[in-house]
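Below is one structure, written out as structure tokens; the observations come after it.
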Amino acid sequence: MARKTPIEHYRNIGICAHVDAGKTTTTERILFYTGLSHKIGEVHDGAATMDWMEQEQERGITITSAATTTFWRGMEAQFPEHRVNIIDTPGHVDFTIEVERSLRVLDGAVVVFCGSSGVEPQSETVWRQADKYHVPRMVFVNKMDRAGADFLRVVDQIKNRLGANPVPIQLNVGAEEDFRGVIDLIKMKMINWNDADQGMSFTYEDIPADMIDLAEEWRNHMIESAAEASEELMDKYLEEGELTEAEIKQALRTRTLNNEIVLATCGSAFKNKGVQAVLDAVIEFLPSPSDVPAIKGVDEKDNEIERHADDNEPFSALAFKIATDPFVGTLTFMRVYSGVVNSGDAVYNSVKEKKERFGRIVQMHANKREEIKEVRAGDIAAAIGLKDVTTGDTLCDQSHKVILERMEFPEPVIQIAVEPRSKADQEKMGIALGKLAAEDPSFRVETDDETGQTLISGMGELHLDIIVDRMKREFSVDCNVGKPQVAYRETIRGKAEVEGKFVRQSGGRGQYGHVWVKLEPSEPGEGFVFVDEIVGGVIPKEYISSVAKGIEEQMNSGVLAGYPVLDIKATLFDGSYHDVDSSEMAFKIAGSMAFKKGALEAQPVILEPMMNVEVTTPEDWMGDVVGDLNRRRGMIEGMDEGVAGLKIIRAQVPLSEMFGYATDLRSATQGRASYSMEFNEYAEVPKNFADKIIAERGY
């Protein structure tokens with residue numbers, strides 16, 4: 001089959017935002033105007049097409065990023081048909097992992113802000129993640145019909161709080177109840193959408209007389225930003241004072257793709273105003289797969305190689321999401337970076353080093369699906385029938401192996417024990433947890449060796465609530481849930497050189513492993529680093545990886561209170577072996593003995609998760625809120641002015657002090673304050689608290 005849509009006409013975009021900015025409604029309207037969903041779904045009624053898991057419809061927040069394919073030809077059918085793949089991303093703090101995962105496979109993003117509440121803490125997180133993956137983006141300031149909506153104030157916040165360079169290409173006409181439409185600064189016309197047909201039709205009108213000066217001022221700002229794209233344009237602009245519409249668009253596109261500017265548009269998705277203009281901007285200013293740099297990966301020999309968005313290159317794709325579907329089993333969402341693959345073809349999972357076969361390939365539309373015969377470079381689709389693929393694995397052509405970069409996933413910060421209510425639930429719970437863990441790398445399952453309890457850990461209380469809820473709904477598992485526990489960690493602050501010697505002689509073949517290891521802290525966040533400095537074969541090559549394995553396994557339970565150990569550098573520098581008695585097992589045990597001994601000598605400490613907490617409160621209660629955060633061992637980092645005279649307090653607080661905070665804050669401020677919290681880093685626990693933790697663990 002030939003390619004239906006040229007790759008230049010693809011747009012793979014994400015729609016990202018803070019919780020109530022109206023992202024799902026915006027996506028819904030996009031689906032409506034592109035002709036896919038005939039009745040508009042409202043999140044308030046729990047009926048939005050993109051939010052396809054039951055819990056999302058109940059809670060009215062988006063949890064899983066569903067991928068949807070739509071087609072668009074422009075508000076005035078001015079473009080050839082473009083294929084737009086949309087990934088809807090969650091905006092709740094506990095699901096930051098989903099956002100990270102979807103940004104990884106996108107080419108561009110539309111970031112939605114609320115016209116009245118503007119840039120909120122989670123928006124900053126999403127913005128930083130998009131910076132990390134160099135995703136070109138544009139902004140849609142939504143909810144212009146809300147009380148307190150102010151487009152230019154939000155543009156100002158994007159500049160000052162996010163350090164971005166926003167360039168408005170529209171202005172709003174009226175705001176709050178009087179919001180009527182937008183001014184297109186490129187055409188210098190007002191766009192007026194028709195309320196009678198849900199904004200399907202629109203007219204261009206003259207700009208209201210009282211807005212002409214403001215429109216001229218912002219148009220000049222936009223043209224100056226465009227002229228900075230090249231010296232030729234700047235010279236032309238300085239000489240003639242004007243650029244053509246085509247020149248402006250081309251220049252704004254170039255600068256957006258280079259991540260130099262962020263174009264800003266506005267509207268109200270709920271009131272059906274402005275969404276089609278966002279779609280037009282996606283086509284005109286955001287990249288196609290061939291506009292973004294080739295994806296880098298490594299081949300079998302660890303040499304760096306690139307894969308370009310081209311059907312003629314070998315097949316390569318990244319699995320970015322695993323979802324369990326009650327009807328077809330496991331759906332593996334993938335972004336195809338190069339080549340072509342047909343349903344029924346064999347492919348290779350280069351991370352797991354296993355062959356896989358695509359049973360069927362489906363294109364998703366939120367929760368409906370259409371079977372397709374093949375996928376090509378630039379496509380986003382889901383495969384059915386893959387046996388052992390987890391998030392972040394690479395699928396590729398077997399004779400051209402490549403591993404595309406792995407995604408990094410955060411350490412979970414909160415843990416609860418779950419117990420099945422009956423014998424029948426026991427087995428079902430194991431299966432359910434296994435499937436849920438395959439879908440979500442920020443969720444872990446382990447068994448406590450001492451108590452035999454099953455522990456699940458994740459990114460926050462809501463995250464784990466939803467996991468327990470899904471076990472009940474999707475796998476009908478009833479379980480009792482323990483009290484949330486903090487996921488503490490351990491590390492070392494000092495250095496130690498230690499000997500680990502494992503010798504056993506008792507008739508027949510003995511055991512002999514002997515190592516000298518230097519332990520020291522590695523860089524924060526670097527994890528376990530193993531350095532082999534053995535010279536002259538004092539330990540044979542084949543035993544060295546066993547020493548590393550022994551140390552790494554022992555790091556699962558630390559020496560102070562049995563918590564996993566982070567950020568250790570271990571250097572193996574000496575040792576000895578026995579011709580007959582040495583084995584991999586003996587060296588593994590010697591490695592773990594050395595670690596146990598060394599960790600005790602190298603100033604071991606307990607670490608706790610520190611959270612970035614932002615509290616928004618009326619001024620009257622500010623003193624109480626700050627006092628309460630100080631009592632919770634919080635460090636106040638700063639205060640900002642919020643909207644409508646509210647104050648925003650930023651602090652770092654240990655997670656262990658934040659349980660039940662929502663209730664305490666509500667009662668202290670008569671329900672007027674709100675807060676958000678996300679993981680920042682692991683930090684050392686003060687000595688008196690550490691002693692308490694060690695005593696509680698019975699060490």
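All residue numbers here begin at 1 and follow the chain in the order shown.
Backbone N, Cα and C atoms are what each Cβ position is placed from, and that goes for glycine too.
Taken from Swiss-Prot, the feature GTP binding site applies to 17-24, 88-92, 142-145, supported by sequence analysis.
As annotated by Swiss-Prot, domain 'tr-type G' applies to 8-290.
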Cβ packing number for Asp20 (GTP binding site), 10 Å threshold: 15
Residues satisfying Cβ distance under 8 Å from Met144 (GTP binding site), sequence separation of at least 6: Gly115, Phe151, Asn172, Ala175, Phe179, Cys266, Gly267, Ser268, Lys273, Gly274
Cβ neighbour count (within 10 Å, all chains shown) around Ala17 (GTP binding site): 29
